[in-house]
RNA sequence: GGUGAUGUAGCUCAGACGGUUAGAGCGACGGAUUCAUAACCCGUAGGUCGGCAGUUCGAUUCUGCCCAUCACCA
């Protein structure tokens with residue numbers, strides 16, 4: 001009985017570009033969907049832009065657009081990025097849609113009638129100039145703990161303290177610069193602290209779904225336990241779901257001037273997108289997937305792929321909203337971790353904040369990234385590190401060296417010697433492949449989203465195939481009289497193995513797989529039925545190579561294209577944000593993202609004065625025997641020994657490529673006098689001289705510094 | 001500060017309900033080969049399994065403490 005699954009990916013916020021961090025979760029989701037379909041299951045795969053909230057409203061205003069114009073533009077950009085990376089949603093909708101308005105109203109109405117909506121007055125900062133209430137992130141001021149200036153209303157980037165915006169000293173509005181005033185307003189709350197909700201969530205987060213598997217990964221379930229507290233303890237507080245006008249969103253039915261908080265209607269966008277798809281197609285019974293009773297009868301599933309930054313929303317608010325509005329709750333949450341690049345948070349100054357667009361524009365192959373991410377995905381919430389050198393090595397050796405190579409080394413014989421027709425396959429030689437087909441270890445690895453395990457096994461099979469070719473040496477058979485039949489069999493067998501490998505890699509590399517299907521002249525590869533070799537007499541196309549290698553210089557160009565110079569921080573907060581989180585989703589991400597940027601380009605004056613810079617006279621300079629780069633310098637900085645004789649410092653400087661020692665003697669330059677002495681192969685080095693060079697190496701050369709006339713040895717530089 | 005996760009060969013990662021010589025791929029090195037975008041094949045070297053202490057006949061695997069990294073919370 002095929003499964004019927006509604007799969008979603010987190011909705012990206014319509015306030016920024018898709019970057020490689022986002023793509024981790026989308027690629028994981030897409031691979032799972034493609035796998036399920038190859039197994040014959042029915043999957044509806046939907047997503048949408050998350051479009052509401054204050055940041056969108058203000059951003060549109062800044063760009064001189066209406067919010068609708070802004071989100072329309074971004075919708076196109078996002079969809080194009082996903083498409084280019086092979087993430088093939090059946091529908092990419094928007095939370096600013098009639099379907100979403102209907103669902104939001106319906107869910108809210110049912111919660112309200114169920115007694116789960118409360119109103120109460122709260123006091124908040126209000127911008128009197130802009131005439132709007134200010135979210136925490138739009139209030140700035142001095143940190144109440146350490147006094148650092150220009151800190152946001154929720155936490156301090158200088159000392160890490162967390163506080164309420166009302167605790168800030170000298171607060172001002174980041175929108176207008178005005179001093180905010182406290183103002184009272186009535187807000188609507190979802191009563192998450194209600195006993196029914198708490199009891200439900202306790203069961204839901206640790207229980208299993210209809211198929212008997214856990215709804216949350218173990219780590220995620222543990223995290224929920226932390227948030228929910230122990231039995232009898234109630235750590236949940238009610239959730240503020242309204243915002244006052246002006247606000248870009250949906251007005252709450254029966255509450256003029258009050259709008260749904262963006263996070264209320266964001267996940268509802270999953271249903272809206274699905275409804276929109278069903279209306280377009282006309283053959284999907286929506287309630288079979290969305291209604292509590294009917295979905296149970298129909299045995300459908302609803303699976304959400306999300307980043308761990310938005311677990312809170314998807315494991316608490318979302319199931320509770322659904323449950324108490326009579327909707328089905330999610331069957332499973334697949335939570336992925338953050339992306340780091342070369343072991344560190346993505347950074348604009350290092351160029352590792354890589355946008356999806358720039359990757360495509362720099363002509364890198366999206367399937368390289370899909371393969372690498374898949375190789376790093378093991379179905380847990382762990383962070384994924386994109387190690388660029390590792391990616392180059394892995395893709396080049398696995399995909400080009402091993403996988404593609406199998407076809408490349410055999411197809412030529414089939415074309416040249418046998419007119420493109422396959423011969424008999426040596427089925428015994430394929431025993432490992434037949435065994436892999438019969439076993440469920442590969443498919444269960446995909447099912448559990450442990451793609452790295454699947455790929456390890458697939459690459460082991462690729463090794464088997466290459467060994468087979470190597471052992472039977474078709475290039476020798478080709479030269480021998482009377483070995484045509486054997487040659488034919490060996491190459492045909494290798495191509496059957498190659499067909500199998502392609503099938504297993506297809507969820508990860510859909511585009512490469514379709515090239516192979518064309519080359520082999522086979523219908524779209526599926527993952528069901530009995531194993532059979534490619535039949536004798538079957539005709540294949542001439543081989544043309546399937547994938548190129550990655551070169552380091554392509555990666556360097558990509559980093560360069562994403563590098564932003566460290567200009568003084570006059571930019572708007574959004575513009576210089578560095579996101580560590582894969583799914584930036586509504587205002588919550590404004591938090592994560594801003595807090596993530598701790599790599600300040602500034603040092604304090606105290607840090608600077610730790611460096612003792614001195615004017616030095618080069619009293620001697622010598623080549624160093626056996627050193628490629630070093631020159632031995634004796635530097636006078638006015639120091640003397642006990643007897644009062646001048647005592648120059650010995651410093652080894654790596655400037656041999658640019659200077660002849662003879663020309664250095666007598667010159668003045670600048671040295672770091674308090675650098676810890678270091679024993680080098682050729683002796684002690686008691687400091688360093690400063691020299692300028694182009695970090696990119698575009699302009700060659702090395703230039704030591706020289707003071708203006710009048711400076712004398714020993715003078716302090718500061 | 002509290003909680004949790006992670007720390008295994010140069011790199012990326014498996015694994016171990018405690019038990020003889022701790023694994024893979026890549027990289028390095030040596031050999032073989034030349035069908036294949038120097039790809040493939042065979043072989044070698046590399047790890048006191050983050051540190052310290054404890055439990056045990058025996059710990060890298062369990063416990064405690066510490067260190068580092070990351071996340072969450074206040």
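Glycine too: its Cβ is placed from the backbone N, Cα and C atoms.
Among the features that TrEMBL reports, Zn(2+) binding site is placed at A:143, A:146, A:156, A:159. Per TrEMBL, the feature ATP binding site maps to A:348. The annotation domain 'TRNA-binding' is assigned in TrEMBL to A:607-718. Per TrEMBL, the feature region 'Disordered' maps to A:565-599. Positions annotated as motif ''HIGH' region' by TrEMBL: A:12-22. Sequence annotations record features per position, and here TrEMBL assigns motif ''KMSKS' region' to A:345-349.
Cβ neighbour density within 10 Å is lowest for A:146 among the binding-site residues A:143, A:146, A:156. Taking H, G and I as helix, E and B as strand and the rest as coil, DSSP gives the motif ''HIGH' region' (A:12-22) the counts 3 helix, 2 strand, 6 coil. Comparing residue A:348 (ATP binding site) with residue A:143 (Zn(2+) binding site), their Cα atoms are 26 Å apart once rounded. Secondary structure of the motif ''KMSKS' region' (A:345-349) per DSSP, as helix, strand and coil residue counts: 0 helix, 0 strand, 5 coil. Taken together, the residues of the motif ''HIGH' region' (A:12-22) have an average pLDDT of 91.
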